[in-house]
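Enquirer: Straight out of TrEMBL:
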- 93-237: domain 'Yip1' (DOMAIN)
- 134-154: transmembrane segment (TRANSMEM)
- 166-186: transmembrane segment (TRANSMEM)
- 193-216: transmembrane segment (TRANSMEM)
- 222-239: transmembrane segment (TRANSMEM)
Amino acid sequence: MLSVRICLSPKYDDKSFIASDRQYEYSQPMGYSAPPGMMQPQQPYMGQIYQPTPAFTPVSPQSMYGSSFEDEPPLLEELGINFDHIWQKTLTVLHPLKAADGSIMNETDLAGPMVFCLAFGATLLLTGKIQFGYVYGISAIGCLGMYCLLNLMSMTGVSFGCVASVLGYCLLPMITLSSFGVLFSLQGMLGMILTATIIGWCSFSASKIFISALAMDGQQLLVAYPCALLYGVFALISVF
């Protein structure tokens, strides 16, 4: 009789069991607190429709780049081109007896030398001599030789850019010689005297600048001799 009653006992429905299980999962007792590692629910949206609350503060371009474009230095100054220094170096070469400023001549300014090398090649081109390759080739070899020589002679040392800058600025009188070669021949007696004068002018100016920049007192003649050899090669190109 007992077994019959057990068999006739009602069975739980699967759907009702699943629903009660879900209700048990989502129902939490009072006083339940989430664990520390669990994410807290997001705050409800309190803004208005079509007017979202900004999540970050926009950064202005001025604060992003640190300063405005008006405070930036000029482009020529960033490239290292200073026309005031170029003019002062040119006047120092044109006036051989003028004292050279070592602080200005110790800068690696190659804008003026490049212009003077182009001008020297252009004046040679007017006489029918296409010697741009020889001008730049001899300039590079001469600057390398003077760089090694001055580093051996001076106590402070000198950079290659400074040597190239000084030798390039002192090429300015040689442009005058090549300009005279356009008007008349330099292979006569007058041309030889003018050529010797220009070589002495260039070598004296270069040695004066090197002496003042490197503090090599009493060694100007020793520096002027290799400078005269270098500018003598440029003079030979102009004459012949």
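Along the chain as shown, residues are numbered 1 onward.
Cβ atoms are placed via backbone N, Cα and C, with glycine included.
Note: TrEMBL annotation is automatic and uncurated.
Computed from a predicted structure; not experimentally measured.
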Enquirer: Pull the DSSP breakdown for the domain 'Yip1' (93-237) and write it out as helix, strand, coil residue counts.
Expert: 110 helix, 0 strand, 35 coil
Enquirer: Report the mean pLDDT of the predicted model across the domain 'Yip1' (93-237), rounded to a whole number.
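Expert: Summarising the domain 'Yip1' (93-237) by its mean pLDDT gives 88.
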